[in-house]
Amino acid sequence: MAFSRISKLDPPSRGIFRRAAVMLCSLLTSLLLLHCLTERCGTSSPVKASSSRVEGHHNEDLGGSIRSKRLLYEWTAGSELTGYGASRRSSRVLADEQTPEQPEESFMLPPPDLVASRKVSPRFAGKLSPLGEGSKKLPQALIIGVKKGGTRALLEFLRVHPDIRAVGAEPHFFDRNYDNGLEWYRDLMPKTLEGQITMEKTPSYFVTREAPARISAMSRDTKLIVVVRDPVTRAISDYTQTLSKKPDIPSFESLTFKNRTTGLIDTSWSAVQIGIYAKHLDNWLQYFPMDQILFVSGERLISDPAGELGRVQDFLGLKRIITDKHFYFNQTKGFPCLKKAEGSSKPHCLGKTKGRTHPNIDPEVVQRLRDFYRPFNMKFYQMTGRFFGWDD
Ligand SMILES: *[C@@H]1O[C@H](CO)[C@@H](O)[C@H](O)[C@H]1NC(C)=O
Ligand SMILES: *[C@@H]1O[C@H](CO)[C@@H](O)[C@H](O)[C@H]1NC(C)=O
């Protein structure tokens, strides 16, 4: 309408119109440019990603506090420099720019104040690396359990691998948040480049009845990892964690039994129920073949982290990059730690909530639980073809 009116005007005002049109065009162009730049900058802002990491952390089932997460962050950050050399590192800069939630990046990226200034001069940052490249993909591999098995340790060890990108918090998609849909889920994932594996861990999946069907519906090729641990120590650890949050819950002994006199065990108590691995595994085998599920020994993950990580890397089809060079054992804590960074005086171990000392449980109750689990354990060894050595 405005155009037709203007076209009827005399030559001098047409000149004004032309000038106005040019100005409008350049304004639109710069707006478009600005939009592109800020969007790119926004989606790959490390500050943004790390804050969402802390946010998501509240969901976590494991007892780790934000402080423990921060320790983990520092702890994994140390791995890079001692683990593989500078040549490796330079090849990683590209990948690290894509995935700000990756702990090691504290070595790769400038401190937060510099990160913030990157927003001011995005073009400069763009020259350093292909910001905004890569895409969010649904996970190809999941750590599905078990609670108190060592899933946090496994995930943090795995994050050392340059070809693994993982969500820090537990998304709980296939149990609590399934109604949000796959796009919601995909959006939680870090950006990955071709060849990188997207992962997440939510230990409750293993005991969620609907999880196998739902994961299979996402992709039948999803690789599943389960960290398992002696069900008796797992139950005690589970109870210990709950006790630390709610100090006035009944004793472990009274929760274990339906009737202490008869020695009948309360299998509906989740601390007991989670450890009946053979039963839960049956449910998964309705949807996934055995060779798509890897069982990691929670005990070996502590006594021989590099050995277990070797198996996991093989299972994921990755080069064995995480090796014994990455670990040292903290005798005091009884836990493996990733090696400290060069120039840092602090070791990088799991947070304080990991490796809590357990309350003393009546040995009779422990024995009763051992007897209870034994047949289920035997069945589990048979199903998995691996002897975990919980009953000897
Ligand atoms: C426990 O079992 C004993 C022996 O069968 C029975 O006498 C008692 O009433 C039971 N206690 C409870 C709380 O069910
Ligand atoms: C080992 O763990 C203890 C207890 O958490 C801690 O005080 C100590 O600094 C750690 N030492 C090393 C070398 O990691």
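Even glycines carry a Cβ here, placed using N, Cα and C.
Noted in TrEMBL for the protein shown:
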type	residues	note
ACT_SITE	Lys148	active site, for sulfotransferase activity
BINDING	Lys148, Gly149, Gly150, Thr151, Arg152, Arg229, Ser237, Lys354, Gly355, Arg356, Thr357, His358	3'-phosphoadenylyl sulfate binding site
DISULFID	Cys337-Cys349	disulfide bond
DOMAIN	139-374	domain 'Sulfotransferase'
REGION	88-112	region 'Disordered'
SIGNAL	1-38	signal peptide
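Mapped onto this structure are the features recorded in TrEMBL.
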residue	record	DSSP class
Lys148	active site, for sulfotransferase activity	coil
Ser237	3'-phosphoadenylyl sulfate binding site	helix
Cys337	disulfide bond	strand
Cys349	disulfide bond	coil
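Counting only residues at least six positions away in the same chain, the Cβ atoms of Val227, Arg229, Val296, Gly298, Leu301, Ile302 sit under 8 Å from the Cβ of Gly150 (3'-phosphoadenylyl sulfate binding site). Within 10 Å (C-alpha to C-alpha) of Lys148 (active site, for sulfotransferase activity) lie the following recorded positions from Ser237, Cys337, Cys349: Ser237. Cβ neighbour density within 10 Å is lowest for Cys337 among the recorded positions Lys148, Arg152, Cys337, Cys349. Cα separation, Cys349 (disulfide bond) to Arg152 (3'-phosphoadenylyl sulfate binding site), rounded: 12 Å. Across the structure, Cys337 (disulfide bond) and Ser237 (3'-phosphoadenylyl sulfate binding site) place their CA atoms 20 angstrom apart. In the predicted model, the domain 'Sulfotransferase' (139-374) shows an average pLDDT of 92. Using a 10 Å Cβ-Cβ cutoff, Ser237 (3'-phosphoadenylyl sulfate binding site) registers 23 neighbours.
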